[in-house]
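Inspection log for the structure reproduced underneath, given as structure tokens.
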């Protein structure tokens, strides 16, 4: 091997190591545009510190995260401006750092930076982060985020939990989101840990996840999806779910997991099978489905197994994950009274679609020119004073809230996964069930609203002043207006959420931009 080849090999290995290495809790995130080919097809993308998916951010419960976003984006097609949402964090007292463009901030301009500075005093588990401007995260600005608990109550169930046990799932498109169809009919490829194949690139590299026989692994499964849900399984292995969306659950053994856009699960895998290679499968709900040529797949490789593709076969799932079977590890009281509508403020979200835009209670969300938080800080308190008109719901403080999402054929593209910012919520009625559980339902932050006939119902307590986005996490549906803002405790929002000068500077800088620089 020549010295040059040796150096090149070292550089490539080093880059691979960098891609795996976690950053945080204090870190710079430099955003640029670069050509990438995660499935063997080259296209321009939005990358973070040179890679997509973005680097794993990691810290510990109680940490202060200081994440400096440096916007060096130059490709107008994928937007030069940006903002980043830290998905699943309560942001109590730092609503300004929640990262939703035109709800919590103005976007960051190219050539500028912005420091997201927030505390995580009482949360641990699996999170993620992504652009919250238009459909930008579909073009690559998305990555996993883990907060470790030094006193994890389930630590006895596993031996290994580290950077290498995070598994990301992403849909990948060969055309930038802004240039493709308004509602794509499916992704070109499914990426598992940033690698995958499309039907036309079946020789591309696949992700390899290594295990040692006899060890128990806590895998953290993160859906970075823009659109499809995926059914995840590992040939020859069961999975014991112990966390959903950063909430510890009672252990539940399953053999497949349907994971919707933006959801996360931790599961324990006991590497007790013969030393071999096993297919990891993540079948999307639509588009390029199946596993021909190794699409929608990765490899679980036991130490000592040959470096070849698996020959294992998929068996029919007999223990699929059912959300209604998930229960919190420690009791979490459900807000309100144990009866339908037994809350201080019930809300019903009626979905519709006109062929172009989605509507909730007859209003399609159009991002306002002044962020909702800035409107509130400027003195607007009542719903009738806040824009966009009809899309902002003012919620009283210290109150129990119930939201019902009756699924209907009037809003195609089901099931729609809905995410509430600033909270976890009790899922008192899950998709596929007509039962209400006020005793021990799962708490989470993204819920499937199911199919026509379902009436998924959630509850939470208003203990976090500020405007919080509630939206479909299919990014193409959000872009088409499938969202509302819940403005919680508007009278106390300013006092609880003091904003830094750098935040106040964002809007004047953004508003002065030429349209070609947006």
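Backbone N, Cα and C atoms are what each Cβ position is placed from, and that goes for glycine too.
For residue 132 (Cu cation 3 binding site), the same-chain residues that are 6 or more apart in sequence and have a Cβ closer than 8 Å to its Cβ are 83, 84, 85, 99, 100, 101, 469. The Cu cation 3 binding site annotation in Swiss-Prot covers 132, 421, 471.
Other Cβ atoms within 10 Å of the Cβ of residue 472 (Cu cation 4 binding site), summed over all protein chains shown, number 27. Residues or ranges marked as Cu cation 4 binding site by Swiss-Prot: 416, 472, 477.
Look at Swiss-Prot and you will find 106-507 (among others) tagged as disulfide bond, backed by similarity to another entry. Using a 10 Å Cβ-Cβ cutoff, residue 106 (disulfide bond) registers 24 neighbours.
The C-beta environment of residue 138 (disulfide bond), restricted to residues of the same chain at least 6 apart in sequence and closer than 8 Å, consists of 171, 173, 177, 226, 227, 475, 476. According to Swiss-Prot, the feature disulfide bond maps to 138-226 (among others), an assignment based on similarity to another entry.
According to Swiss-Prot, the domain 'Plastocyanin-like 1' annotation covers 23-148.
Residues annotated as domain 'Plastocyanin-like 2' in Swiss-Prot: 160-302.
According to Swiss-Prot, the feature domain 'Plastocyanin-like 3' maps to 369-489.
Neighbour list (residue 72 (N-linked glycosylation site), Cβ cut-off 8 Å, at least 6 residues apart, same chain): 30, 31, 32, 110, 111. The annotation N-linked glycosylation site is assigned in Swiss-Prot to 72 (among others).
Look at Swiss-Prot and you will find 75 (among others) tagged as N-linked glycosylation site. DSSP assigns residue 75 (N-linked glycosylation site) to coil in the three-state reduction, outside any helix or strand.
The N-linked glycosylation site annotation in Swiss-Prot covers 229 (among others) and is backed by sequence analysis. Of all Cβ atoms in the protein chains displayed, 23 besides its own lie within 10 Å of the Cβ of residue 229 (N-linked glycosylation site).
DSSP assigns residue 354 (N-linked glycosylation site) to coil, not to a helix or a strand. According to Swiss-Prot, the feature N-linked glycosylation site maps to 354 (among others), an assignment based on sequence analysis.
Around the Cβ of residue 362 (N-linked glycosylation site), a 10 Å sphere holds 8 further Cβ atoms from the protein chains shown. In three-state terms derived from DSSP, residue 362 (N-linked glycosylation site) belongs to neither a helical nor a strand segment and is classed as coil. Residues or ranges marked as N-linked glycosylation site by Swiss-Prot: 362 (among others).
When secondary structure is read from DSSP and collapsed to three states, residue 398 (N-linked glycosylation site) falls in the coil class. For residue 398 (N-linked glycosylation site), the same-chain residues that are 6 or more apart in sequence and have a Cβ closer than 8 Å to its Cβ are 461, 462, 463, 489. Here Swiss-Prot flags 398 (among others) as N-linked glycosylation site, drawing on sequence analysis.
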| query | residue 416 (Cu cation 4 binding site): which of the recorded positions 75, 106, 362, 471, 507 have a C-alpha within 10 angstroms of it? | reply | 471
| field | Tally of residues which DSSP labels helix, strand or coil - the domain 'Plastocyanin-like 2' (160-302) | value | 6 helix, 69 strand, 68 coil
| query | Where among the disulfide-bonded residues 226, 507 do you find the Cβ with the fewest other Cβ atoms within 10 Å? | reply | 507
| request: Around the recorded Cu cation 3 site, report the further residues of that chain (criterion: Cβ within 8 Å of the mean position of the Cβ atoms of 132, 421, 471; site residues excluded), sequence-ordered. | output: 85, 98, 100, 103, 419, 468, 469, 470, 478, 483
| request: By DSSP assignment, list the helix, strand and coil residue numbers for the domain 'Plastocyanin-like 1' (23-148), in that order. | output: 10 helix, 60 strand, 56 coil
| message | Cα-Cα, whole number of Å: residue 354 (N-linked glycosylation site) versus residue 477 (Cu cation 4 binding site)? | response | 12
| message | Radius 10 Å, atoms counted are CB only; among the glycosylation sites 75, 354, which position scores highest? | response | 75
| remark: Sequence-ordered list of residues in the chain of residue 471 (Cu cation 3 binding site) that lie 6 or more positions away and have a Cβ within less than 8 Å of its Cβ, or none, is 365, 418, 419, 478, 482, 483, 484
